[in-house]
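Visitor: Got these off TrEMBL a minute ago, pasting:
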BINDING   Thr97, Ser98, Phe125, Pro126, Thr127, Asp128, Thr167, Asp196, His199, Tyr221, Trp251, Thr277  pyridoxal 5'-phosphate binding site
MOD_RES   Lys222  N6-(pyridoxal phosphate)lysine
Amino acid sequence: MITLEECRKCDQSDSLASKKALFNLPEGVIYLDGNSLGAQPKSVVPRMQTVLSQEWATGLVKSWNDANWVTLPLTVGQKIAPLIGAVPESVIATDSTSLNVFKCVAAACALNKGRRKILSEPGNFPTDLYMLDGLEAFMQGDLEVVIKPREELLDAIDEETACVLLTHVHYISAEMWDMKAMTAAAHEKGALMVWDLSHSTGAVPLSLDDCEVDFALGCGYKYLNGGPGAPAFAYINKRHLGSVKQPLSGWFSHKRPFDFVDDFEGAPDIRVMQVGTPVVSAMALLDEALSLWEDVDLKTLREKSLDLTDLFSRLMDDQLTGYGFTAVTPRNRSTRGSHITYRHPDGYAIIQALIDRGVIGDFRAPDHLRFGVTPLYVGYEDIYQAVMILKDIMSTQSYKQDKYTVKNAVT
Ligand SMILES: *Cc1c(COP(=O)(O)O)cnc(C)c1O
């Protein structure tokens, strides 16, 4: 049996423990949902104040130049680059993850002319599949979306496959693809590889350039703590920069937006992934939140993340065997990301009861309880206390109250 004392010892020798003080977290809350909405870094509050009262109120339109608003998407991209193993010029912060799925996949198909299939897997994050459906319908027969389960994916890549779109760490199971092997398998058949890194960025070390990934995109509001609806990012491998075309060619994708010419000429660099005017306030929040990562060693972060999810599953074995939970997340450390998921027929009510007791996880239909581990502000004792509160809820059956079955719009 793992004891509270052991967990406290781990916290004492945790080199990332001091990072928690850099976040605004309410007293008495154990926050296990940073994989859905990252916690608020304290420094974003004064930064927002500066944007509002100095840059906007006083600087007005001059701030596009003077406060470097116009280059923020590139600056933010450069801060994300080391987290994903990319050269700085390959990354830009722009739009939403959904939009970047569309732009990256469309751009990959345009680069791989003559091939008409886009391959993905069932159970991928819904927006990824919906955006592919939208692209397919818009292309009126020129592109076809092919959905194959994991076991059949490799065999399904053929000489008609333009690109493969996969999510690196699965949003429910946390199962993680071998990025290098999968990318190489796509390339071997002449297909391009597009990775959705929403549940990977800031959670697991990544090496996109080394894996020769073609395109990638990911979220700014999950492990990167950019705030609700923060800008997403897009990555283009440097060997493709200059030849990429994406269909949402707005004036910010233009080579020289301020020439105001009629004819579109795409930027020969990562700016081609932009569409229109960047959302400066949100971009500034993400920029500020990313400064937290400057001295974070990703290997240390990854080890702590795996230790915390291991601890969670061992405590579940110790304390909650026989209560009807089924583990979903792989036990193997090399094939999982930074959250841990269980199934339970009363999953929704149990999550609501946990939230009521200050343990914030989330529910994913139809019966998944999901707990995210964010090593910058979650510690070992937090995991211990969370599991003990869960045990209390289960043993007293307090989750069976009617109020816990009322469905919220956002779960
Ligand atoms: C969170 C998430 C998204 C979210 O897309 P938005 O456009 O920000 O709503 C997309 N894909 C994956 C895999 C995600 O986990």
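Heads up, the Cβ atoms here are built off N, Cα and C, so glycines get one too.
For each feature listed, report its degree of burial, its nearest neighbours and the pertinent distances within the displayed model.
Guide: In this structure, Trp251 (pyridoxal 5'-phosphate binding site) is part of a helix by DSSP. A C-beta separation below 8 Å, combined with a sequence spacing of at least six in one chain, links Trp251 (pyridoxal 5'-phosphate binding site) to Pro257, Gly276.
Lys222 (N6-(pyridoxal phosphate)lysine) falls outside any helix or strand according to DSSP and counts as coil.
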Visitor: Taking the Cβ of Lys222 (N6-(pyridoxal phosphate)lysine) as reference, which residues of that chain separated by at least 6 in sequence fall under 8 Å from it?
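Guide: Correct list: Gly34, Asn35, Ser36, Leu37, Gly38, Ser198, His199, Thr201, Gly202, Ala203.
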Visitor: Provide the number of Cβ atoms within 10 Å of the Cβ of Thr167 (pyridoxal 5'-phosphate binding site), excluding the reference atom itself.
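Guide: Total other Cβ atoms inside 10 Å, all chains included: 24.
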Visitor: Using a 10 Å cut-off, grab the number of neighbouring Cβ atoms around the Cβ of Thr127 (pyridoxal 5'-phosphate binding site), all chains included.
Guide: 16
Visitor: Out of Thr97, Phe125, His199, give me whichever of these binding-site residues has the highest number of other Cβ atoms within 10 Å.
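Guide: Within the set of binding-site residues, the most crowded position is His199.
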Visitor: Express in Å, rounded to the nearest integer, the largest CA to CA distance found among the pyridoxal 5'-phosphate-binding residues Thr97, Ser98, Phe125, Pro126, Thr127, Asp128, Thr167, Asp196, His199, Tyr221, Trp251, Thr277 named in the record.
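Guide: The widest Cα-Cα gap among those binding residues is 30 Å.
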